[in-house]
Amino acid sequence: MFFKALFLSLYLFFFISYAEIIFCIRIKRNNLYNFQNMTNSLNIKNLDDVKEKVKYEKHTYCLLLDKYKVNKILKNKRAKFWLLDIYKFPSVLKYKEYKNCFLQNDHNDKNNHMLNFIYNNYLKKRNHQNVKNESENGNYNNDHNDHQTCNNMNIFFSNEYLKSLSNFNEEDFRLIPLNDFFNKILLELFYKQREEIIHDDVIYSKNNIKSLSHVFNDNSPEQYRQKEKQQQVGNIIMCNSNSPEQYRQKEKQQQVDNIIMCDENLCETLIKDDEINENDDNKNPLENLCEDFKKDKDDIENIYNMHKLEYIEELFELIKEEDIKFQRVKLEFGYDNMNTSEILRKIFPCINEIIHKFEIIGHIAHLNFCDKLESCKKIIAEIILDKNKSIKTVINKKDILNNTHRTFNIELLAGENNYVTQLKENNIRVKLNYELIYWNSKLKKERDRIYNLVKDNSIIIDVFGGVGIFSLSLSKKSCLCFSNDINEHAYKYMNINISMNKNKNILTYNMDGREFLEKLFNLKIFSKNNNVLTLYINDQNQKNISLDVLNSKNHIITGNGKNKSKNKNENKNENKNENKNENKNENKNENKNENKNENKKDIQNNNMCEKENNISDRKCPYIHNNNNQRNITCDNNNNNNNMNVSGNNSIHQYTDMYEHKFKYQKIGEENMDNSKNEENHKIDINLNIYEDIHILMNLPQTALEFLNVFKKYKKEKNDELRNVFIHCYYFAKPEFFYEHAEKNILLHFNQLPKDIKITEIRKVSPSKLMYVVEFNLKDLL
């Protein structure tokens, strides 16, 4: 009975445990497979743990030479190819500091003998070629001492070498480390030169057998010497036989034996170093790391494959001429000798996605972490912040772009809480607040493509302009630019960027995209029949543009020439007017010189007018660039906009209306802010200078829905239209990208244009790509 109860209790226990496991798998799958304890498994909690984790050692050959001969190596481009190039590690080391890191050249060091063998055979070939050349020229000398003794040369540093030097001083010697390509060429040359010795009947005489034995005699292991003797005998027999097939088989077996006899430590070093070199990337580690590294590595590999023999001969020549020795040294590397990419690969070798999923915006590094990296994102952020001195802030995007202004919630991972940053793209300075404004550095290639596509003297209409980067770029091609964004913060920095870059051909607006396009339709800007464009602009656009620039074909020459002095005078006058307005409400003594001919009553009336202008600006929004209707006055009772004022009225008439309207209204404080005061400025632009129109609609989430606004454009009879090219960006699945664009165009226009061009911009996710559809609106109107 007892055993039965025990059996039932155990059965019940296992059944409940099994049920809990099934419940976790089905209901709590995310928590079960979320890699929450990844950093705990690595035992990394801070930067000190990271530094300890990434330490490694490297055994490498070094050139040991006098400090006065170092420049001959460094200035030789061919020899420089073989030098070690590790991030923030010196190319030249002091002998005194690294003498304790020397690896002893004992009698069993096969790597050293292999290098001796290659170097001496190189000298033998060179001497043999010199003798041959001398014999052809009739200057043959029977002295073969050099030829006989070259194989006995030891090119490695030793204590005996030190004793042979008079007045030895440690301060006078330097070490130059060699890279992994040097190790690689050693193996290749070793097998290649042995094959040449085996195949060449002339070289393989008795004297050459003896000279070859000198290379490995005494300094090589007993097993290797026995193996070498067997190979020599076998090779002599094969040279006298007429069985090439057996010779090839014997040769293959010999190569295998040589590989086995080769120092295993060297092979392991080569393999490990190749793995490390795959992480080498001296370029910016925060932008397309994997692709950039592959390109760099391929370039170096190509150089190696094409010029390795020339370069190694050049190095051996320098070694012979300058009496340079070799020494194997143990070098230690760590956190300071690795860039961001290498450190992340070392710590997280199985997670490639963290290497390339962040971008730089000025001093801000923006990362997109997946769930499985949630527990280690702080460590990664600290590494990025510490290894990149230009980065001050590291952030993570918490959610997707799901609002009108295309901004997202920011999670500060490391660094300063400062999101106002500056960056430079194609010599254009851009300032923005990354927390309040959308910016994507990955669209640089698309901006360059549009720049190359647009011709000079075009008209640019950027409906969703952001900080105005498209207009800032295309303004260099003497284009008339209209840049708009509904985000008031983007509008603010758009004007700041125009001022920073000293552009004088960009008009800026802060309106809804549909309303912005409708107002431009009323300007008849699409028509070739309209020769002069008359605009009424606000104070901000008055500062942004220059009529001399807009009415010239080459904006750059005009802007840098005569117009420069005019702009200075205009700016001086504007500054004087601004200073007057600011100082009117200050003490009488400060304004005495500026307002000598004005009486107190006029000053008071002017102040009343200006302050009421501020009130009117706050009460009723100003609609820019409307020829037919102007928002001039504001009704006190219902705050409705008055649209009945003609566009031909002068600025003085508007001022008189303001004075009459608010003459008797009480003034509050005398130092009221006048910064928002706006007046209408009439400008005329010669449209005959400009040709095609390009409408940029970079709002991929909803841009296709805005196409229906073009149906409101009414073409007049006998009206010849310009080419109006639409560049509409959108998201779509890769298998339906063309059908998606075609469907939306048909939906809004009931027909398709003659030519439709669709370009893939970038991959947002595996099932979501960004495209741009381009067509001529002229075909649909």
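From the backbone N, Cα and C atoms, a Cβ is placed for every residue, glycine too.
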- Item | Per Swiss-Prot, member of Arg429, Arg447 binding S-adenosyl-L-methionine alongside Asp485, Ile486, Asp512, Gly513, Asn698 | Arg447
- Name the residues of the same chain, 6+ apart in sequence, whose Cβ is under 8 Å from the Cβ of Asp512 (S-adenosyl-L-methionine binding site)? Ile486
- Note on the structure: Cβ density check for Arg447 (S-adenosyl-L-methionine binding site), other Cβ within 10 Å (all protein chains) comes to 20
- Across all chains shown, how many C-beta atoms besides its own are within 10 angstroms of the C-beta of Ile486 (S-adenosyl-L-methionine binding site)? 19
- Run through the Cβ atoms and count how many others sit within 10 Å of the one on Gly513 (S-adenosyl-L-methionine binding site). 19
- Message: What whole-number value in Å do you get for the largest C-alpha pair distance within Arg447, Asp485, Ile486, Asp512, Gly513, Asn698, the residues recorded as binding S-adenosyl-L-methionine?
- Response: 23
- Item | Lowest local Cβ density among Asp485, Asn698, which the record lists as binding-site residues, within 10 Å | Asn698
